Amino acid sequence: MDAALLLSLLEANCSLALAEELLLDGWGEPPDPEGPYSYCNTTLDQIGTCWPQSAPGALVERPCPEYFNGIKYNTTRNAYRECLENGTWASRVNYSHCEPILDDKQRKYDLHYRIALIINYLGHCVSVVALVAAFLLFLVLRSIRCLRNVIHWNLITTFILRNITWFLLQLIDHEVHEGNEVWCRCVTTIFNYFVVTNFFWMFVEGCYLHTAIVMTYSTEHLRKWLFLFIGWCIPCPIIVAWAVGKLYYENEQCWFGKEPGDLVDYIYQGPIILVLLINFVFLFNIVRILMTKLRASTTSETIQYRKAVKATLVLLPLLGITYMLFFVNPGEDDLSQIVFIYFNSFLQSFQGFFVSVFYCFFNGEVRSALRKRWHRWQDHHALRVPVARAMSIPTSPTRISFHSIKQTAAV
């Protein structure tokens with residue numbers, strides 16, 4: 001059935017139901033359409049609530065929906081919507097007073113989701129602060145701008161952009177989400193682009209390490225423009241194809257959120273899964289070569305394994321392998337669901353923080369460059385203080401003035 005025809009039938013049913021309600025409850029006659037002012041027509045919102053014909057300036061209340069998204073709501077509470085002075089309905093409907101009726105299991109899950117959301121906010125905030133600090137360090141310390149650190153810098157940039165757009169998505173309220181606004185779809189598209197670029201820069205990190213360690217190929221022959229193309233340009237056609245698919249096949253809910261059976265999201269999730277699998281192969285080869293070199297050394301076996309484990313743990317967030325630990329929901333039982341919720345929230349929100357710590361704050365080149373800057377600043381400050389004191393103290397016969405030193409030097 002045509003969507004416009006279906007909507008017309010629903011609105012007609014809405015009008016009939018409201019007319020019956022008015023007659024039964026004795027609400028009186030609806031506003032006179034021939035009156036001096038325009039009025040708001042009977043309409044049906046995106047959630048399915050019927051709003052009756054109302055006078056301009058009226059704040060209309062309707063019972064909360066009985067069911068929405070499979071959740072039962074308390075119908076004794078009301079939703080509110082304003083009929084504007086120009087005879088049109090306000091775009092925003094106030095459903096804030098509608099409360100779900102939850103059983104014990106749903107209440108438990110609701111509590112866990114709330115805690116997970118707090119972990120997400122905390123992790124993203126901590127990550128953004130650490131990432132911005134790391135970004136500024138790479139920006140200021142020009143002496144360390146080799147290809148490896150430029151790759152780290154770009155990866156950190158994608159984390160910053162991804163986290164900022166994540167915060168923007170959290171600001172979208174339910175009405176805008178259900179209304180499928182254009183700007184809302186644009187924010188979702190930009191967010192998904194930064195998600196894909198983030199994973200592709202993890203892939204670039206893996207390519208660089210695999211080339212340098214496993215293939216023993218000189219990194220001097222690697223070209224920066226090629227990595228920039230992989231990290232920033234290849235995700236563009238992927239996201240464009242996804243946006244076209246969403247526009248024609250799943251144009252709803254701001255293009256955010258995935259229902260079972262929706263395949264359009266795999267247009268960008270497929271390449272992400274592919275680069276994660278390739279990075280997993282890179283990690284396996286890197287650790288294998290590392291173990292081979294450690295066995296050839298004279299260190300004890302315990303120290304060898306400790307170094308290998310340490311290197312593996314450091315590489316996990318850089319290559320995005322942590323996402324593979326809980327990429328798929330493990331099951332329907334309570335324990336699996338709770339573990340899935342908390343691990344996903346922690347790993348995804350704090351990954352930017354771990355990347356900043358391991359590859360900037362613990363980076364030997366960064367720390368050495370910072371120490372040199374600090375020593376130069378101390379030396380410069382130490383030289384300026386005695387000179388300022390010498391120029392401010394009056395000279396005496398027993399004290400050699402700064403002016404006399406200059407004259408002696410001139411002679």
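For all residues, glycine too, the Cβ spot is worked out from N, Cα and C.
C50 (disulfide bond) falls within a strand when secondary structure is assigned with DSSP. For C50 (disulfide bond), the count of additional Cβ atoms within 10 Å of its Cβ stands at 18 [all protein chains shown]. Per Swiss-Prot, the feature disulfide bond maps to C14-C50 (among others).
Per Swiss-Prot, disulfide bond is recorded for C40-C83 (among others). The C-beta environment of C40 (disulfide bond), restricted to residues of the same chain at least 6 apart in sequence and closer than 8 Å, consists of W51, Q53, S54, A55, P56, A58, C83, L84, G87, T88, W89.
For C64 (disulfide bond), the same-chain residues that are 6 or more apart in sequence and have a Cβ closer than 8 Å to its Cβ are Y73, N74, T75, R77, N78, A79, Y95, H97, C98, E99. The disulfide bond feature in Swiss-Prot is assigned to C64-C98 (among others).
Feature annotation from Swiss-Prot assigns disulfide bond to C184-C254 (among others). The Cβ of C184 (disulfide bond) lies under 8 Å from the Cβ of I172, V176, H177, C254, F256, each of which sits 6+ residues away along the same chain. C184 (disulfide bond) falls within a helical segment according to DSSP.
Marked as N-linked glycosylation site by Swiss-Prot on the basis of experimental evidence: N13 (among others).
Annotation for N41 (N-linked glycosylation site): same-chain Cβ neighbours under 8 Å, separated by at least 6 residues, are Q53. In this structure, N41 (N-linked glycosylation site) belongs to neither helix nor strand by DSSP; it is coil. The N-linked glycosylation site feature in Swiss-Prot is assigned to N41 (among others); the stated evidence is sequence analysis.
According to its DSSP assignment, N74 (N-linked glycosylation site) is coil. Annotation source Swiss-Prot lists N-linked glycosylation site at N74 (among others).
Close to N86 (N-linked glycosylation site) in the fold, though at least 6 residues off in sequence, lie S38, P56, each with a CB less than 8 Å from its CB. In the three-state DSSP reading, N86 (N-linked glycosylation site) counts as coil. Annotation source Swiss-Prot lists N-linked glycosylation site at N86 (among others), citing sequence analysis.
N94 (N-linked glycosylation site) falls within a strand when secondary structure is assigned with DSSP. Taking the Cβ of N94 (N-linked glycosylation site) as centre and 10 Å as the limit, one finds 15 other Cβ atoms among all the protein chains shown. Among the features that Swiss-Prot reports, N-linked glycosylation site is placed at N94 (among others).
What Swiss-Prot records for 1-108 (among others) is topological domain 'Extracellular'. Over the topological domain 'Extracellular' (1-108), the average per-residue pLDDT in this prediction is 71.
According to Swiss-Prot, the feature topological domain 'Cytoplasmic' maps to 140-146 (among others). Here the topological domain 'Cytoplasmic' (140-146) has Cβ contacts under 8 Å with residues 365-366, 369-370, 372-373 of the same chain, all six or more residues outside its ends.
Taken from Swiss-Prot, the feature topological domain 'Extracellular' applies to 172-185 (among others), supported by similarity to another entry.
Annotated topological domain 'Cytoplasmic' per Swiss-Prot: 215-221 (among others), in sequence order.
Summarising the annotation, Swiss-Prot assigns topological domain 'Extracellular' to 250-265 (among others) and lists similarity to another entry as the type of evidence.
As annotated by Swiss-Prot, topological domain 'Cytoplasmic' applies to 292-302 (among others).
The topological domain 'Extracellular' annotation in Swiss-Prot covers 328-334 (among others).
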Per DSSP, three-state class assigned to C254 (disulfide bond): helix
Recorded stretch that, among 186-214, 266-291, 335-364, has the most CB pairs under 8 Å to the transmembrane segment (109-139): 335-364
Stretch contact, the transmembrane segment (266-291) with the transmembrane segment (186-214), Cβ-Cβ under 8 Å, 3+ pairs: yes
Pairwise Cα distance for N94 (N-linked glycosylation site)/C50 (disulfide bond) [Å, integer]: 14
Stretch of maximal Cβ-Cβ contact with the transmembrane segment (335-364) [cut-off: under 8 Å; candidates 147-171, 186-214, 222-249]: 147-171
